[in-house]
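Colleague: Just dropping this structure here.
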Amino acid sequence: MTRRDRFRGALLGLAVGDAVGTTVEFATPGTFPPVRDMVGGGPFSLPPGAWTDDTSMALCLAESLVQRRTFDPVDQLQRYVRWYRDGHWSSTGRCFDIGNATRAALERFEQTGEPYPGDAAPDAAGNGPLMKLAPIVLAYASKPAEAIRHAGGSARTTHGAREAADACRAFATLLLAALNGSWPRNVGDPGYDRVVAAALGAPAFAALDPRVTAALRSTREPPAVRGGGYVVDALEAALWALRSTSTFEDGVLAAVNLGDDADTTAAIYGQLAGALYGADGIPESWRERLHRHDEIVAFADALLDQDLTRPALPRFEHIRPRVHAQCASPQDVAEALATARQRGLPIAVRSGGHDFAGRSSTTGVLIDTRPMHDIEIDGTRVTVGAGVRLGELYDALDARGRTVAAGCGPTVGVAGLTLGGGIGILGRLHGFTCDQLEAAQVVLHDGEVVWCDEQRHAELFWGLRGAGGARFGVVTRLVLSTKAAPNATVVHLELPLAQADEALHLWQQLDDAPDELAASLLVVGGGVHIFGAHVGTKAEAAHLLAPFKGHPQLDELPYRDVKRRLAATGPGDGEDLPFHRSGFFANPLEVLPNAHGLEFDFSPLGGAYNRKAPDATAFPHRDARFLLKVAGRDQATVDAAFPSDEGTGGVYPNFPEPDRDPWDPAYHLGNHQRLQELRAKYDPHGVF
């Protein structure tokens, strides 16, 4: 399933749920025959496919996000007022079905201009914020911290009660997991609350309104579960519908037939289920009848495209392309390169957009490979378009019982990850992701399209395996070797910060552990986290972690669930700590540098990572014990804390640094000169 399918599904799902639910809106449970289709009617006598305030407000919000290209609460409220006063984005041309709290907030905004006029009184905690939330999450899907923060802000534009904002933040984490391919196979394990806890972090999760937490953990059934207007009831009901069914259609009908605020319960369910099942998972007959279907799809596409052009880190937010070339083929890439050449514009190439140095952003021509998202599996090999993200690749391989040695971040682009190395939980067994590359299709600076492997353009193929993204051309397709997907045990151990030095000492000894164990060490905030996976049993994992104090959480799971669990529990995406420094270390560190407000992320190497010679591929860092990334809020503090003198001098190409030249020898060490010769041959004019 593509990311576009999920985006469309989330917004269409909201509108479809709203349109199906209007039939029995305000009806008491048990007083009406079960709804089985999209038939319209209800208290507002709507035609089939017409929707109510839920979708109207969601489209006002989507319109604001697309046109303003940022979160602007005043602009959002102005559009809501246009709906309230003039029927803007109404399915009937007039405002109807507006909630009391929303009406009061809009009238207060008209009088005061406040950006957050929602009533904070507990009795004003209606479900209005949840019913329209999807556009926020779609707009910031690649920046989870901002998505969660703005979800709370979106609630406050109309509803100021604590549980309304908390419910929106929690729901945003669930929707992010669905959009980004990190949703657990069985919702009951790890469960809604654990998905949210992993995304928010323990302190923020503990600070949630306890009523919201109870809704996330609820295992109740109707009639205890009710589709009422209270935001917590609505959240619980929507999650019950998801938990209790296995298709989009069945879930919508389950939500609707709870009655009461049926359209909103189904709209909330529809956002999450639409992202999980995709647009094609919504019954075609419902999509065909849906009012203004094509415009809703256009909004979803616009939010996706905006998410793709927005730099991954806020510090590069000001960099936007003059030309955004969405390339669906090598020929499109060649045309984009020609455009840049003719206009004298710089280029940048983007797959996942996770470049820490902002080099997948440009003021010139952005060559966006996301439309090349095809996946072809042939036995033990998989061919992927350069726009495929890890979550999409894993979804496709899971169905065949296969996987690749790569990371866990579902939104990371496969192409960029592979070209710059690629570290993951199977790496100690199988090597870097670049070691799994068997062939690649490349568009060269002059538009020529070539395939390279060990026989064809062999020197170019050598350079693609680890030099970094977009060095010699634009890679448009990659052929990767796959492995049988194993069962594994997820490990997670939390320790107090006072034990950081002891934990570091013990963790470094794991370099000699069996290759089946890959456990990272993360020191952040007030604690120490050891997390990863062991390809083996819980008993084996417990034995390997026995030297550590504390009681690790150990869960033996199929590999598809291992990746999703770790995607939710690993380090963040760098939004809150945007400055960093990384390096490889061949010798142990004695103590952890002492610096408040920093994140120390240690990734284990050894095993198959180190079995190739440093010049076997362009990736030279084959003698290191571990990789360390230090992140913080300002570069000076990060630089002062980073133990540069104790490292190998090597820098990870997939953790590029904005103040370091892209061809700095630190990225390539002993392979630097050979890569310069390769660059002179394949990119003589310095296009890349």
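Glycine residues also receive a Cβ, built from the backbone N, Cα and C atoms like all the rest.
TrEMBL entries are annotated by machine, without manual review.
Per TrEMBL, the features are:
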BINDING   T52, D53, D54, D261, D263, T264  Mg(2+) binding site
DOMAIN    316-485  domain 'FAD-binding PCMH-type'
Colleague: If the Mg(2+) site is taken as the center of the Cβ atoms of T52, D53, D54, D261, D263, T264, which further residues of that chain fall within 8 Å of it by their Cβ?
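Modeller: The surrounding set, listed in chain order, is D18, G21, T22, E25, D97, M131, A267.
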Colleague: Name, in the order they occur in the sequence, the residues of the same chain whose CB lies under 8 A from the CB of D53 (Mg(2+) binding site) and which sit 6 or more residues away.
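Modeller: Counting only residues 6 or more apart in sequence, the Cβ neighbours of D53 (Mg(2+) binding site) under 8 Å are C95, F96, D97, I98, G99, T102, G128, M131.
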Colleague: According to DSSP, which kind of secondary structure is D261 (Mg(2+) binding site) found in, if we only use helix, strand and coil?
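Modeller: It is coil.
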Colleague: Specify the count of other C-beta atoms within 10 Å of the C-beta of D263 (Mg(2+) binding site).
Modeller: 32
Colleague: Same chain only, sequence gap of 6 or more: which residues have a CB within under 8 Å of the CB of T52 (Mg(2+) binding site)?
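Modeller: Result: D18, T22, E25, F44, L46, S91, F96, D97, D263.
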Colleague: Could you pull the average pLDDT for the domain 'FAD-binding PCMH-type' (316-485)?
Modeller: 92
Colleague: Using other CB atoms within 10 angstroms as the count, which residue among the binding-site residues D54, D261 scores least?
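Modeller: Each of the binding-site residues D54, D261 was scored by Cβ atoms within 10 Å; lowest is D261.
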Colleague: Please report the three-state DSSP label of T52 (Mg(2+) binding site).
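Modeller: Where T52 (Mg(2+) binding site) sits, the three-state DSSP reduction gives coil.
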Colleague: Return the residues near T264 (Mg(2+) binding site), defined as same-chain residues 6+ apart in sequence whose C-beta is under 8 angstroms from its C-beta, sorted by sequence, else 'none'.
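Modeller: When sequence neighbours closer than 6 are ignored, T264 (Mg(2+) binding site) has D18, G21, D54, N127, G128, L130, M131, G227, G229, A234 within Cβ distance under 8 Å.
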